[in-house]
Amino acid sequence: MEEEVRQARLQRAQEEYEDLALVSRMITVWEKLKKVRADQGFTSTRVDLKFKKKNMSLQKDEEQRQHELDAELGEKRRKHEQDLRAKETSWEVEQKKIQDQVDKLNSKIAALQEQEAQANMGVPVDDDEEDDEDNDDDLDDEAVSPGSPDKAAKKKRTVTPADQRLATKLLDERMAEEEMLEKTKELLERHNAKQPKASDDPFDESAAIEEIKEKHKRTKRNPGSPIYIPMFNDQRSRTETGSLPATPEGEKEKKRRGKIKSMQLFLRILVNGRPLTNPNGRDFEADLVPVSGAGDSSFSFVVKQVVQLAPTSGMPQIVLQLHERGWVY
């Protein structure tokens with residue numbers, strides 16, 4: 001619902017801006033057109049454009065502008081909070097990733113230490129059996145089974161060259177892992193120091209308000225200023241031919257109107273590059289008739305004939321040719 005309200009407000013603001021820009025362009029073009037017509041000496045044309053002035057309430061406009069400012073300010077604040085949460089989430093993901101690497105390295109180093117200790121202890125070896133008959137009687141009462149703990153404790157252990165090589169390899173690997181662990185811990189400390197906090201990037205309300213007000217000045221009318229509604233009319237009386245100014249432009253206009261009045265136009269139709277013909281074999285010609293009420297100043301014609309085509313294949317290519325009847329000089 002909140003997003004729908006935001007979109008509706010943005011659409012209304014965009015439409016208001018486009019209306020203001022359109023009216024401004026219309027006024028500019030109309031003023032230029034009137035100046036050109038005045039320079040040519042024509043007093044009037046059929047087209048007239050006026051602007052109806054609609055006064056607006058300063059108080060209501062200011063209330064509406066304040067409401068829009070509060071709405072946009074709230075959106076900017078929520079956007080700032082969302083960006084902060086996104087940074088925190090990204091930081092937490094990276095922090096967990098680095099911490100997992102630290103835990104993994106600690107586990108690996110502990111395993112290497114245990115393997116290294118076992119390699120340094122060597123392998124167990126049984127003591128040589130002594131055939132001392134004098135001790136037979138003494139051992140009868142203290143005899144122990146071969147698998148008893150006392151027996152295993154009395155076994156000796158020896159370190160072979162293979163054990164030494166394995167211990168050296170494990171030591172090198174452990175030292176490399178410990179070095180990697182130190183670097184990862186330093187990386188974790190640096191990352192923890194970059195933890196995003198709201199206090200590090202507080203929302204600057206005054207700057208946001210100033211930015212919104214500047215945008216309103218560029219895209220909205222001033223509170224209390226009137227609205228101009230264009231009123232278009234094309235039914236005004238034009239300057240009659242007899243009242244045209246005695247200027248070069250006026251003479252050209254007289255000739256133009258006389259040419260239009262005497263002009264005879266017709267239309268030819270080409271289908272797939274070939275002219276359309278009548279049943280008698282002659283080229284079909286459709287006369288163009290001046291529009292009723294257009295007078296001698298408007299180049300407006302209509303065709304009052306209906307032509308029915310029955311193509312025999314595919315989509316035909318139709319070309320309309322406009323011709324003028326008259327003598328060729």
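The backbone N, Cα and C atoms fix where each Cβ goes, and this holds for glycine too.
The region 'Disordered' annotation in TrEMBL covers 54-93 (among others). For the region 'Disordered' (54-93), the DSSP-based tally of helix, strand and coil residues reads 36 helix, 1 strand, 3 coil.
Here TrEMBL flags 59-93 (among others) as compositional bias 'Basic and acidic residues'. Within its own chain, the compositional bias 'Basic and acidic residues' (59-93) has Cβ neighbours under 8 Å at 6, 9, 13, 191, 194-196, 198, 201, 203, 205, 208-209, 212-213, 216, 220, 223-224, counting only residues six or more beyond its boundaries.
What TrEMBL records for 109-258 (among others) is region 'Disordered'.
If you look up TrEMBL, you'll see 125-143 marked as compositional bias 'Acidic residues'.
For 181-200 (among others), the entry in TrEMBL reads compositional bias 'Basic and acidic residues'. Panel annotation: around the compositional bias 'Basic and acidic residues' (181-200), residues 84, 87-88, 91, 94-95, 98-99, 101-102, 105-106, 109 of the same chain, lying at least six beyond its termini, place a Cβ under 8 Å from a Cβ of the stretch.
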